[in-house]
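Swiss-Prot lists these features:
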| type | residues | note |
| --- | --- | --- |
| TRANSMEM | 10-30 | transmembrane segment |
| TRANSMEM | 51-71 | transmembrane segment |
| TRANSMEM | 107-127 | transmembrane segment |
| TRANSMEM | 141-161 | transmembrane segment |
| TRANSMEM | 173-193 | transmembrane segment |
| TRANSMEM | 216-236 | transmembrane segment |
| TRANSMEM | 251-271 | transmembrane segment |
| TRANSMEM | 293-313 | transmembrane segment |
| TRANSMEM | 341-361 | transmembrane segment |
| TRANSMEM | 371-391 | transmembrane segment |
| TRANSMEM | 401-421 | transmembrane segment |
| TRANSMEM | 423-443 | transmembrane segment |
Amino acid sequence: MHKEQDKKRLATLTLAALGVVYGDIGTSPLYSIKEVFGGAHHPVPITPDNVLGILSLFFWSLIIVVTLKYVSFIMRANNRGEGGIIALMTLAMHKGVAGSWQQKMLVLLGLFGAALFYGDGIITPAISVLSAVEGLEILTPAFKPYILPITLITLIGLFIFQRRGTASVGALFGPVMVIWFAVIAVLGAAAIVENPAVLAAVNPVHAFHFLTGNSLLGFFALGAVVLCITGGEALYADMGHFGAKPIQYAWLGYVLPALLLNYFGQGALLLADPSSVENPFYLLAPEWGRYPLVALATVATVIASQAVISGAFSITQQAIQLGYTPRLEIQHTSDEEIGQIYLPAINWMMLIAIIALVIEFGSSSNLAAAYGIAVTGTMLITNILAIAVAVRLWNWSPARAMLGALPFICIDLGFFLANSVKIADGGWFPLAFGLAVFILLTTWKRGRELLGLRLAADAMQLKSFVVDIAGSGIGRVPGTAIFMTPDPELVPHAMLHSLKHYKALHEQVVVMSVKVFDVPYVPDVDRVEVHRLSNNFSQVVVQYGFKDDPDIPAALALCGEAGLAIEPMDTSFFLGRETLIPKLGSEMAYWRELLFVAMFRNAGSATAFFKIPSNRVVELGSQVVL
């Protein structure tokens, strides 16, 4: 009985994974082969040897980078089931010495990898939807003037829809992608039957001969070949939603065969009719099937874009929890799925950037020049973080870890260098976008550290303060006061201000701090730690993981089990509200101080972020010179 239930659950999760995980890599056939042989930058001449060489590169890239590296190796490095660059970074930092150069380097690498993800996430919806809609031009040139408007309308509609969540339509994503992969597999298989010679490309000798025989052109071609593996990192990033097995089963049993059949089918078509390089994906289909194929491709690319958008929301939430990003408004779009969230600020930022991209580049071929460098950069960083995990957590020797990762590093480095020559043609965009995000992340983290040091410099130790207060005869007023503070060992500034103004304290005083651990979730049984400092002074530490949704009222309800009863209607929350003043000659560059101050002013309120009832909050201001 249990085995049947497990099989049913596995099948359900595998179907769901098809609709989320494989949208990006699954829509790559729309433009990958076309870009290699018909792209605007360094197109490869269509000859039998070149076609077999490129198909061989596609085949072995999917086998080595996606199947061996991600499915077999990187997926083992999961943080309690969670994957993705942030989860990998936190995992790599385990057993490290806090503040050491190694830890700082791992953080910088992880943050830069996350920043590159945003650069990649901007391009994916643009190139995917644009390449799907470009199929209309194959049907009739009369559609050409409408390709950009249709693309923009589709993308704008997708982003406007985000605030409603995907709960209502998410169930359709899996079945649609099942149909998509079945269709592209059948189209490819039909072309292979006409020209089965392309199957010889499975032999890696063809890839080797292509690279050695074409030297510089072969190197440039790698910049387009990499398009077939973009989206491969999603297999690892989405582990937390579906688990490793459903993702692995879907890849090996369905997605990989469908992709290979389609790529080899496009190669067979090019050998039979080199003029089909105009758009080999759509020309695989019979004329009567091209309109439905454009419609199906558009839906598939919207699903692919949705996965990237959801990924951006998720990674931002993790960055907020870990203190790398200011608090932003987070809306939950599903009562059942905790992971379905909507961040308005990220949503509109991405939409504006994507609209600018589509208008500026104008075609999927032009956008392909911008695509790839962010993906390969993230893949390289993933290798380095995985080495740290292997050494620190799996107890591998550094030599064994380096040796195991070396083939993947060499391949990813080759792809990265091939894409770096396209920086002037558009590759600058994801790099510039990623660098801007990286500066924001690191500036916020460093600024928070400086602010903490300034506040701590003037603070008193909480335990000695409690002893002094006990014998001071300070008046007491009814109720409970909760003072939020980043450091539970120090007296909150808000408490000192309150005491200065009111000359009294509440009957029950709680000093509360929130601590985020480098694990995805903290169970409720470990949510709160309560320490009684005296009869009416308590210290509470609320503990969350980087994917938990902070909820202070819910945490307070758990305090009762730890012996601290708090009546919500008799409770007031006291929060500090600092006004920051930048200072020349500080530990941080002045321009970064100005940036941090601007971010600090525009950060979301702690009241909303921690779900504290606004009518129970008192904010006490102070000035802090950085």
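Here the Cβ of each residue, glycine as well, is placed from N, Cα and C on the backbone.
Here the structure is a predicted model, which means the values were calculated and not measured.
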Let me spell it out: take the transmembrane segment (141-161), skip the flanking residues so only those 6+ beyond its ends count, and list any with a Cβ under 8 Å from a Cβ in it.
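Beyond its ends, the transmembrane segment (141-161) has Cβ neighbours at 125-126, 129-130, 133-134, 298, 302, 305-306, 309, 347-348, 350-351, 354-355, 358-359, 362.
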Under 8 Å, at least 3 Cβ pairs, sequence separation 6 or more: does that hold for the transmembrane segment (10-30) versus the transmembrane segment (371-391)?
no
For the transmembrane segment (423-443), which partner among 293-313, 341-361, 371-391 gives the most CB pairs under 8 Å?
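Highest pair count goes to 371-391.
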Ranking 51-71, 251-271, 293-313, 371-391 by the number of C-beta pairs under 8 Å to the transmembrane segment (216-236), which range is first?
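Result: 51-71.
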Counting Cβ pairs under 8 Å that sit 6 or more residues apart, are there three or more between the transmembrane segment (251-271) and the transmembrane segment (107-127)?
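Touching, no - the transmembrane segment (251-271) and the transmembrane segment (107-127) miss the threshold of 3 or more Cβ pairs under 8 Å.
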Counting only pairs 6 or more apart in sequence, are there at least 3 Cβ pairs under 8 Å between the transmembrane segment (341-361) and the transmembrane segment (107-127)?
yes
Going along the chain, which residues at least six beyond the ends of the transmembrane segment (293-313) come within the CB cut-off of under 8 Å?
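Apart from its flanks, the transmembrane segment (293-313) reaches 19-21, 23-24, 26-27, 30, 84, 117-118, 120-121, 124-125, 128-129, 131-133, 135-136, 139, 154-155, 158-159, 162, 166, 173, 176-177, 179-180, 183, 231, 234, 237-238, 282, 285, 340-343, 346-347, 350.
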